[in-house]
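Please read the structure below before turning to the comments.
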Amino acid sequence: MLTWIGLARLASLTALPLLIVPQLPSRTFIVVMLLCGTCLVAMSVRYVRIAGCALLLAAWGLVNAQSLVNDTEWMSTRPAWFVVQIEEVKQDASRIRVRMLKAGNRIFFPPRFAWLSLQDNATAYCPGQSWQMRLRLRAVHARLNEGEFDAQRFSMANHTPVQGRIIKQHPVQSECSWRWQHIRGHRQHYEHLPAPATLEALAFGIRDNLSEATRQLLRDTGTAHLMAISGMHIGLAAGTGWLLARGSQFLLPARCISYLYPLIVSWLCAALYTWLSGAQAPAQRALLALTLWAITRITGIQLSSWQIWTLCVGLLLALDPLTVLSDSFWLSVLAVGMLLTWYRWFPLAERFRDRRRWFLLQLLHLQLGMMILMVPLQAALFNGISLTALFANLFAIPVVSFITVPLILITLLLPFPALSVWGWQAADLSLRFLFSGLALLPAGWWPLQGAPFLIIAI
């Protein structure tokens, strides 16, 4: 009998060919795969059934890829009228990202997105609005220069295969989304502070306003990952919710205390933070992992860390096989896998693992493992590594994890504007302290190409 863990492994393996196939097979070939897979699954021999499941999952991945290609070709053939929803507005670049809802009787599912260039100011748009637009679209293309950013692969992984311009338009629904209204309500409390762009990046996942100097400092010190809402931030949101719920239980009678209450509140806080941050792919992956972990706790199912990791990877690729094209997916998945490997094969001595006084040693052990195991992947994706990342993260992670992000989360939950002002000011003060410390470190970015990269990879 094939277990869920086995299915997750099959889903992961059968998605990998999408990375290397030079051309998608014909529809007839995919239909034959589906028929053969269905016949094999119906048989009683275990290994034959496994082969059938593998064929079905591989065909599912090809169906998703072919569907994206077909939609791209259809949208870029000629100008057409589309009903779209605004997803993201880039004021500085005069561009908007829209979700294609439908074109005539054609409804786009899975969701497709497009980047549209604007001739006038982007202030007329906000996320959540619906428009009817006549668009001239073209497919996103990538340059063939080796080592350069592959825009086409990135766009396909994010279901944004086309870009273009607006010919005609008129609004269908002009009201902004609740999330954007919430952001605008809070923005007036922090936009006058010294670090509003960084606060906005950590609170709402909006990094457009980060200055070039800030981006350079974060890259040189290897701390840019702290400004992108990812698993660490979602975990912090869940932890903050758990602590608040656990603390409130001191006010409840003993008969009302249950382990489910902190668990549910922590998940709700993580889900709320995921929504506020724009539900970017890394945050969605973290929330999925947290959901699976919560289900195992509620149902009492005993799974190891590796089994939960396998289920998460398999479920992600089964739901959206094109995720395999995403660099951020590989960074997230391999980072967690390497951490599990590090703690399994190179653990700290038992006397250093649990006591709080050894926190710095525990953090050093964690960062050392990440630095050693992630260097080849970082060099391959970013053509360089940061030599000061170890020391910078030893300083930056505690500040962001235990001061800045909890302050932001508590501020977002406060019902009174006067109190939220103090929260934003405290979070801004912690960020100024963080950047002052990072600025003291020497520039540590080391470009890697050719022989140095091969030596480190080996």
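Just so you know, glycine gets a Cβ as well, placed from its N, Cα and C.
Positions annotated as domain 'DUF4131' by TrEMBL: 24-164.
For 27-48 (among others), the entry in TrEMBL reads transmembrane segment.
Per TrEMBL, domain 'ComEC/Rec2-related protein' is recorded for 202-443.
Annotation comment: TrEMBL describes 224-245 (among others) as transmembrane segment.
Annotation source TrEMBL lists transmembrane segment at 257-276 (among others).
Within the chain, the transmembrane segment (288-309) has long-range Cβ neighbours (under 8 A, six or more residues past its boundaries) at 5, 231, 234-235, 238, 260, 263, 267, 270, 315-316, 333, 336-337, 340. Residues annotated as transmembrane segment in TrEMBL: 288-309 (among others).
Look at TrEMBL and you will find 329-346 (among others) tagged as transmembrane segment.
Feature annotation from TrEMBL assigns transmembrane segment to 358-382 (among others).
Sequence-distant neighbours of the transmembrane segment (394-417) (same chain, 6+ residues past either end, Cβ-Cβ under 8 Å): 186, 189, 199, 202-203, 221, 223, 226, 232-233, 236-237, 240, 269, 273, 276, 360, 363-364, 367, 423-424, 426-427, 430-431, 433-434, 437-438. Per TrEMBL, the feature transmembrane segment maps to 394-417 (among others).
Here TrEMBL flags 429-448 (among others) as transmembrane segment.
Under DSSP, residues within the domain 'DUF4131' (24-164) fall into helix, strand and coil as 55 helix, 45 strand, 41 coil.
Residues 179, 182, 203-205, 229, 233-235, 237-242, 244-246, 249, 283-284, 286-287, 290-291, 294, 297-298, 409, 412 of the same chain lie 6+ residues outside the transmembrane segment (257-276) yet bring a C-beta within less than 8 angstroms of a C-beta in it.
Mean pLDDT across the domain 'ComEC/Rec2-related protein' (202-443) comes to 85 in this model.
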